[in-house]
Amino acid sequence: MQEPQFVGISLLPISLFGFVFNWTVTFIIIKEKSISSPFMLLTLVKSFFDAVYLTVYFLYVTPMIVLANTFMIRNSGHAGYLLVICYEISIHTHFLTSLNRFSAVFFPFSYKSTFSIRATSIYLIVIAMFSFSMMTFVIYGLDCKLEYDPTTWVAFYDVTIPVCGWYAYYADFLKNVVVVLADAIIDIVTLLKVQKMRKQFRDGKRADNYTKKETDFLKQTFGQGICYLMGYASYLVVPANSNKYVTFFMSLVSWALIAMIDGLFTIVYNSEIRTKILRKKEAIVGSTVVSVNN
């Protein structure tokens, strides 16, 4: 087995666990009809696109690298197209989620109108249409394909084409860095406000319950934001002339890892999702005990 094939195996557990985490969240929200709040709608959309993202990793990218399949490598640009659309929708949905938490904490009276289910749905439709249209134009209109290169072990835009180089640096990398930094700032400010509220109302049970739920949601959002921030920080820390192992783990592996951790944080910090998963486990265990006793 050659080096890139051997290193490519590292994508298997990441894509598999991420696949399971995000599809679990997606199916639970849909099946249990948990879209009772704008935040859960945002969680559903983000988990769905993270799930699709990791499905492509699990069923296409990982086998392509491990098997060194020439047909899949030659057509990897189509997989890259789907991946980048999912990534763009996911990162912008996360920014919208941060604004959702900020609005809920700082502007509770206007929150219901600003982030109603209808308004949130419109925001998400705009994000999806923008991401789809932009990436279709860039990849197929400008021919800035995101293809896997077996000689460098990474998948980047072809920066030898001037317009693609400009897009890769300014419209993609720097734009997303600004979005991620804005996410972090908004989440930190909101989290500090919630902690202050909990301290002020620690003797008020109703207020404490409200702010505790906000804190749980913020832990989910803030944790996901930190992952994005660390992912982009790696580009600034790691030298451009790093060896193939470093660039592989800081690019293909890092991108998959962020989507996987997103799903994990949703399960760990979203009490509504976690409660439904635990209830399902208890139901399965209970039915097993009954069948054994019978």
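Just so it is clear, glycine is given a Cβ too, placed from its N, Cα and C backbone atoms.
These features come from TrEMBL:
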DOMAIN    21-269  domain 'G-protein coupled receptors family 1 profile'
TRANSMEM  6-30  transmembrane segment
TRANSMEM  51-73  transmembrane segment
TRANSMEM  79-99  transmembrane segment
TRANSMEM  120-142  transmembrane segment
TRANSMEM  173-192  transmembrane segment
TRANSMEM  222-240  transmembrane segment
TRANSMEM  246-269  transmembrane segment
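Contact counts against the transmembrane segment (79-99), taken as Cβ pairs under 8 Å, peak for 120-142 among the stretches 51-73, 120-142, 173-192, 246-269. Ranked by the number of CB pairs under 8 Å to the transmembrane segment (51-73), the listed stretches 6-30, 120-142, 246-269 are led by 6-30. Here the domain 'G-protein coupled receptors family 1 profile' (21-269) returns a mean pLDDT of 85 for the predicted model.
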